[in-house]
């Protein structure tokens with residue numbers, strides 16, 4: 001690594017306003033030759049107030065700074081320490097700009113010669129990490145971080161992760177290091193200096209048989225699964241007893257009973273629906289049932305989960321735990337479709353591609369690292385988003401396989417017979433083509449969180465044209481001879497002329513003209529759609545931030561679609577009879593677009609349900625034209641019901657009014673399902689209450705002021721009495737932000753952190769909410785599911801409105817034709833299920849203390865209140881005004897205080 005010294009800096013500040021806020025803590029960790037050689041830390045005094053959010057986040061209070069120096073008192077010392085170092089920080093723009101500004105106020109010009117952003121570094125070095133927040137990285141790489149958001153600890157943790165990244169780079173093959181170095185010249189910061197030193201000082205390593213080479217790529221060699229040697233003569237009960245004893249788990253007869261039910265369905269190739277409440281230990285039950293089934297029959301079992309998170313938990317935590325205590329090994333593997341796995345030929349093509357913008361350069365570097373680590377070749381391990389995902393999707397779509405290509409799917413297929421348990425998720429299960437996957441090896445399937453299955457099917461019923469996607473796909477071909485695929489075609493034509501290649505002449509000029517006309521025709525199509533939006537009734541989906549048009553004439557759209565399809569046909573004809581791989585890539589790209597437009601045109605002609613969505617009413621680029629081509633029931637019947645001989649649907653909320661009929665209605669075939677409703681282990685308790693205020697102003701969507709004011713009054717009352725955290729759920733962002741504005745003005749809540757849901761930030765917000773003792777989280781009803789509410793003492797959820805979907809919701813529109821009564825058969829069961837899921841997340845254990853406050857009195861006063869009653873069987877139900885609410889809170893608080901004393 002040479003003799004460079006790295007100063008890894010972390011700052012805590014009063015906020016993120018560069019011209020106003022100030023530093024309150026600085027931590028610096030010095031690294032040389034992959035060793036921590038020194039540290040510096042100081043609290044920094046400020047005359048500004050430290051906001052409650054910052055105090056909660058950093059645990060730095062104003063009293064802690066009274067004896068600390070002002071920055072100008074230590075500025076020169078800090079400057080002398082770091083002026084000759086490589087300046088390093090995690091998300092460097094924040095720390096570097098703040099410290100520059102602080103130095104500037106002290107008449108010190110700080111201009112580090114080299115800077116490095118560890119956010120950029122870690123994305124490359126750790127390409128499969130799901131989050132690049134420092135706390136998540138520390139947890140992922142087993143580096144202790146006891147006090148996140150304290151500058152000294154954050155700086156040291158960042159330094160240790162940086163060392164780990166450097167050591168990882170140093171172990172790479174020289175060819176990989178060189179490629180990383182050349183690509184790093186396209187990055188924003190100075191990583192290329194470090195990589196240059198690595199290449200320059202490379203020490204030859206002994207041959208490593210774990211790696212092989214394909215063209216310029218060094219990749220990890222796949223190790224075939226060994227056929228499992230299973231030696232177990234006992235019963236399922238014996239297996240369960242062994243596992244619970246070995247893992248020091250509570251022996252639960254109910255959990256064993258659940259496992260026995262599942263095994264019985266598997267053994268008899270039956271189809272079953274099981275409602276097993278949250279906290280009943282479903283995962284262990286079905287894993288042991290699947291294992292016992294494999295022991296007795298040798299047959300494989302597929303398990304489908306709701307999310308990638310649950311999928312990862314099974315593969316990375318639950319099954320390895322079982323393997324640690326069993327006398328035999330369970331071979332489990334992720335099962336996906338062929339298109340989810342990448343080939344080395346495709347990676348090679350990506351690396352050779354001329355596109356070298358920042359995002360693509362990061363992607364190429366990630367691929368070089370990832371391919372030395374992956375055992376699966378599953379491209380989704382990289383968690384690609386945005387431009388990177390679009391780029392890779394396009395490369396996959398237009399890839400023409402090379403000779404002797406190595407495809408990771410073939411490895412999965414080769415080892416399929418030795419897989420005992422296959423793990424997938426609902427999206428893959430529903431999307432999979434049984435003829436192009438190894439799904440056909442599985443006759444038996446257990447579907448966990450089965451109540452979510454229809455939602456994933458709903459995502460598969462439409463085809464769409466997306467303005468940005470079409471423009472991007474055309475852009476990948478290029479507009480002139482110096483861009484993208486057109487450049488490659490022009491180069492091929494020049495080679496044909498100069499080297500007299502034995503291929504037909506290529507009309508490059510005609511191709512260029514046609515591509516530019518296709519750009520114009522695409523603009524015309526989406527201008528037509530945009531004009532339709534301007535003259536139509538537009539409905540808002542406030543939760544997902546989309547606007548929809550459902551009722552419109554399609555004549556002009558069909559006319560524009562036909563013009564594009566005709567032009568694509570003429571363009572494709574240019575390449576008739578040509579087989580060169582460059583031509584194949586362009587042709588494949590054009591055919592992809594042709595098929596996309598043709599499918600939409602035919603669906604509209606066939607009078608399929610069509611609609612328009614737009615993210616921003618002022619931006620044509622956010623338009624999508626969608627057509628419903630399938631029924632959800634058809635998809636679920638074909639992709640799930642008919643695919644497996646044995647099916648076990650399991651969920652904590654599979655019944656509606658104690659009946660499985662609502663879920664059974666999602667399938668076309670009249671199947672005689674075995675049904676099991678396992679009672680909850682939780683019993684009625686003084687610590688589980690639901691309160692419905694009777695003094696709240698009637699909800700009026702045109703004037704929410706009074707309704708919102710009532711919600712705020714109850715929040716303040718709760719906080720004042722309990723001093724506990726609170727989750728408040730809304731069905732619209734508008735109401736949520738109105739409540740937020742009022743709460744921020746209240747002096748009673750000065751020491752509380754008010755958190756609000758933001759798109760794509762749920763994980764981060766939940767982490768903050770769970771970490772802060774005094775916090776209020778305002779979110780939408782999407783938080784009903786999958787939210788692990790952590791709190792000491794009382795857990796409180798306030799519900800502004802019951803989670804009914806609006807009749808203008810896109811789901812309502814898509815499902816309207818599939819039910820006799822959309823409200824009774826779809827909307828009401830959906831609302832009850834979501835409500836039950838929310839309660840289940842709140843109360844998971846016998847000693848949990850929970851309070852639900854529903855401002856929506858439909859919970860107890862509507863004609864359909866009985867359908868919600870099942871959710872409230874273990875809650876004490878109360879109605880009253882805010883004084884009675886205060887009385888209830890004091891009763892609960894006294895009970896909790898007495899318990900803590902005893």
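Cβ atoms are placed via backbone N, Cα and C, with glycine included.
Here the structure is a predicted model, which means the values were calculated and not measured.
Per Swiss-Prot, the range carrying the annotation motif 'DEAH box' out of 436-439, 440-443, 444-447, 448-451 is 448-451. Beyond the ends of the motif 'DEAH box' (448-451), by six or more residues, the same chain brings 273, 282-283, 286, 303-307, 310, 426, 649-651, 653-654, 663, 833, 837 to within a C-beta distance below 8 angstroms of the stretch. In the three-state DSSP assignment, the secondary structure recorded for residue 283 (ATP binding site) is helix. Broken down with DSSP, the motif 'DEAH box' (448-451) shows 2 helix, 1 strand, 1 coil.
Its Cβ placed at the centre, residue 278 (ATP binding site) has 21 other Cβ atoms within 10 Å.
Ranking the binding-site residues 280, 283 by other CB atoms within 10 A of the CB puts 283 at the bottom.
The Cβ of 279 has fewer other Cβ atoms within 10 Å than any other of the binding-site residues 277, 279, 281. Highlighted in sequence order, 255, 258, 285, 652 have their Cβ within 8 Å of the centre of the Cβ atoms of 276, 277, 278, 279, 280, 281, 282, 283, the residues recorded for ATP, and are not part of that set. Look at residue 276 (ATP binding site): DSSP puts it in coil. The sparsest Cβ neighbourhood within 10 Å, among the listed binding-site residues (276, 282), is found at 282.
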